[in-house]
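First comes the structure, then the notes that go with it.
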Amino acid sequence: MVYAIIVAAGEGKRAGFEIPKQFVKLNNKTILRMSAEKFQNSASIDKFLVVSHRNYVDLTEKEVKIFSKFENVVIGGSNRQESVYNALMYLGKKENKPDFVCIHDAVRPFVDTNKIDESIYKAKEIGGAVLAEMAENTISQVNNGRIVKTLERSQIYLHHTPQTFDFNKLLKAYQKAEKILSSFTDDASIFIHAGYETAIVEDYKNNIKLTKKEDFELAKCIFELNS
């Protein structure tokens, strides 16, 4: 069984909207609903959870309860890592635990359903898989505003979501890193820290994360191109 965890627990202050950015609409549909729809349509996903800020549980449920694969809203923590951990612990208490879990940022509404399926297929083969975009620009390592060295860009990938993992291994990885969760920037880094192998699945560039207000202007362009 494969569960998706859609992380929608942020308040989205950087985006400058009056409401959290996952509830901002593109063409009369919220970002959250757009993302949830992708997992509803994936043949590889059996069920999904949504992690929500405690102040927006009702609004979150209203947006996703229309989907047959939706199971529950889990209250998030003080940061993304704690929010995912809460969802993993919820799943860990179930009698029928998932075999794999697919974790996605709600504010990446343009993820391709085929890429979701591809990441799950690769995770079943390796143990973990991350959608990622190969770097095209020159990448430098910097110290105090000065370039230390130029990195080999053919070996650099920019992580996206979803990120898919063997559920038991990911839960163990989170438990192992419980006291230092805030030092990690994504689920793959926690999984790798525990010593587990993780593969890259090359992703499309338009699977952008909507973080700032200008990202939403780009999102409108992507939406129009895809329509």
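Note that Cβ sites are derived from N, Cα and C of the backbone, with glycine treated the same way.
Feature list (source: Swiss-Prot):
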SITE      Arg14  site 'Transition state stabilizer'
SITE      Lys21  site 'Transition state stabilizer'
SITE      Arg153  site 'Positions MEP for the nucleophilic attack'
SITE      Lys209  site 'Positions MEP for the nucleophilic attack'
Pairwise CA distance, Lys21 (site 'Transition state stabilizer') versus Lys209 (site 'Positions MEP for the nucleophilic attack'), rounded so that it is a whole Å: 11
Other CB atoms, at most 10 A from the CB of Arg153 (site 'Positions MEP for the nucleophilic attack'): 13
For Lys209 (site 'Positions MEP for the nucleophilic attack'), the three-state class that DSSP assigns: coil
Alpha-carbon distance [Lys209 (site 'Positions MEP for the nucleophilic attack'); Arg153 (site 'Positions MEP for the nucleophilic attack')] in Å: 21
For Lys209 (site 'Positions MEP for the nucleophilic attack'), nearby residues of its own chain (Cβ under 8 Å, 6 or more apart in sequence): Asp105, Val107, Arg108, His160, Asp215
CB contacts for Lys21 (site 'Transition state stabilizer') [other CB atoms within 10 A, all chains]: 25
